[in-house]
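Scroll down for the structure; my scribbles are underneath it.
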Ligand SMILES: CC(=O)SCCNC(=O)CCNC(=O)[C@H](O)C(C)(C)COP(=O)(O)OP(=O)(O)OC[C@H]1O[C@@H](n2cnc3c(N)ncnc32)[C@H](O)[C@@H]1OP(=O)(O)O
Ligand SMILES: CC(C)C(=O)C(=O)O
């Protein structure tokens, strides 16, 4: 027996009378659909505190900036704010000529009349009327037969037509068989066709038939099969814009939209970041960015995602989930070592090879294309990270190019600290660890200065002046170069044994162009490798400091 009460549930959706799945062989729709934002209506009606007039205006202006040409601005008969919002758009001349505002109304006379009052003065409008057609709503809410439910729709359609003619306007019409997903598909088609018979859509004045998954009830391929049936059986099909309005109860609002488009739909109603009733509406950001990631222009501009998120969060009081596709704060972040290593190498390869298309491993799109930064957004460090990621941060942010073997040493050191502190380490903290751990280490040996003259045979000869545990000491030094001479002095005079000296250095290009950084690795008698780094305005002094740092670590 199931512990989840599954006996209580059964499928409440209907398969279409004919099932056509040929759309499933298409790879993608090939072009952007007509987008309609329903943020200001469906999104707004689901908020704990619906947006104020000013907040709706701010949101509306953002939608225009993103590029929406159809915007459902509200349910004017719902409240004074909803009504006033549309009046403000009209009175302040905030509706561009190429933008159509859409308003929602129930198929009830007084509500439709109030809606038309709100529309006074609007040039381009879609009047959107709906009634529920599902078995559950017919039986439980309306307690009406199929015929009588169809009548509600037809009466609503007639009222829209008559009031538009009376207003001398050419508003477009939209009808939604609300709760379409719980409606027998052939019956939904019959109701929609009855509405279309009233509206008589033409090529110049198309009607919109909107098929909402008001509550998602099936897997997305079934919704798409329902859409395919409707697309093939609607009358006046050439003059009908077939629209989808997916919700997200099963978490497949985006999949419903994408498959529905393949199955014949022309238009998508959705919201930014999927805000909306219950689990939300289809997330237009994701659907559009999924297209962009396939190289299809979505005709919407999300190039400044952080700005859009800020405004959205401030006016809706909602939060964009950290892992929301494309927009979440963590969606480009790689904490794990192997991902970081591949991303860092992929970025380098890209810089060198300059390929035509984006192929960096683990990153579906280039974060920069939506206003995100590599720094801080992509490679982030915790105890799951590896040397590649740590080295990438040190190189990109601080211009430090450690030798390969030293990267490994530092990578484990950073991992260990993050593990013990049980926290993410930010770039500045990592830089500080690098400094504390390797750079200009001054105990027990601390360099005071060194004087090394060139001899006739090209060798270096002189003294190294230092403190040993605070006591001043001069060592005599000879070698075939200055670093070699200092190393010989430490080994011979202080009897410190090490081998395999590895050395590299570079000018510091980021932050401090007048300084150099040197790195030295040595192997102690016990076979252990240690690393030191030296930073100074003089490259030779930097290398001597790096050697003394390494020796100090060995000691
Ligand atoms: C799936 C969706 O998102 S649909 C959009 C839903 N959005 C909203 O409801 C937000 C705005 N709505 C409101 O502010 C209010 O519901 C109003 C102002 C529109 C109407 O309010 P009220 O008249 O007080 O009540 P209410 O909405 O409960 O209406 C219930 C009545 O309308 C009928 N009704 C509901 N929807 C519809 C419809 N689409 N078409 C025709 N009649 C309808 C019901 O059967 C019920 O009838 P009854 O009075 O004979 O029992
Ligand atoms: C009014 C309709 C389109 C709706 O919002 C829904 O069914 O979710």
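Keep in mind that glycine also has a Cβ here, set from the backbone N, Cα and C atoms.
Per TrEMBL, Mg(2+) binding site is recorded for 42, 245, 247, 281. Shown in sequence order, 72, 245, 269, 271, 276, 277, 281 are the residues of the chain, 6+ apart in sequence, with a C-beta less than 8 angstroms from the C-beta of residue 42 (Mg(2+) binding site).
What TrEMBL lists as domain 'Pyruvate carboxyltransferase' is 33-306.
Here TrEMBL flags 441-555 as region 'Regulatory domain'.
The binding-site residues under consideration are 245, 247. Their Cβ neighbour counts within 10 Å are lowest for 247.
The region 'Regulatory domain' (441-555): residue composition by secondary structure is 28 helix, 55 strand, 32 coil, according to DSSP. One way to see the shell of the Mg(2+) site is to take the Cβ centroid of 42, 245, 247, 281; the remaining same-chain residues with a Cβ within 8 Å of it are 38, 212, 213, 214, 246, 248, 253, 269, 270, 271, 276, 277, 280, 282. In this model, the domain 'Pyruvate carboxyltransferase' (33-306) carries an average pLDDT of 98. In the shown protein chains, 30 other C-beta atoms lie within 10 A of the C-beta of residue 281 (Mg(2+) binding site).
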